[in-house]
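To keep things clear, I will list the structure first and then write my remarks on it.
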């Protein structure tokens, strides 16, 4: 792992040009196997995701965000590690979700670095890990308070986690299929997407690269559904990421 307590990243995105370069149109799923019905519907659990992501009664929201941030990081880091042999500087010379959306890492001096996908996501996972182990940001001692700007930092973490999954879907989904990991990937993606929507952690432009998949797997979740889910968790329901995946 590279140690990078950095500002984050910038992305360049041009949807129409991207689709043209990839030969993608709205009716062609051959370039996007993750949209094919026999794959998109596969999951590893039928847990009520609304209950799993909603803030349980009596739980502090910052605590809920913190515990879920740690859990999502562990699951996504583990999942990406399982596919790391396929994501190399030669197979993925840039970190992208399509030919025209490339992510740049910003170093300590404010320089934007165009790096390979494995290096970008190594930077990302290192950044997140450093953040999660910083007691001033993610306190673990009883009576500690979360810092000002905590939600902003959580949003940064979830943006990096979403980009990690987006790269896997665009560049390594066939490998995930071959390894039988696509139900796990779909479940993790649905859970993360719903959690981010319910707690306003990502902007629409952040999730645009996989909007087609979000539409396919969410079945048209509305904001009213998400807000109605707030507070649905209670003792006896699933209230942690690990519980939901077992």
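Placed from the backbone N, Cα and C atoms, the Cβ positions cover glycine too.
Bear in mind that TrEMBL entries carry predicted annotations, made automatically and left uncurated.
Proximity of residue 172 (Zn(2+) binding site) to non-local residues of its own chain (separation of 6 or more, Cβ distance below 8 Å) is seen for 83, 86, 87, given in sequence order. TrEMBL lists 87, 92, 167, 172 with the feature Zn(2+) binding site.
Here TrEMBL flags 227-246 as region 'Disordered'.
Residues annotated as compositional bias 'Polar residues' in TrEMBL: 237-246.
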Specify all same-chain residues, apart from the site residues 87, 92, 167, 172, whose Cβ lies within 8 angstroms of the center of the Cβ atoms of the Zn(2+) site, ordered by sequence.
83, 86, 91, 117, 118, 121, 168, 170, 171
If one looks at the chain holding residue 167 (Zn(2+) binding site), which residues at least 6 apart in sequence have a CB under 8 angstroms from its CB?
87, 92, 95, 96, 97, 117, 121
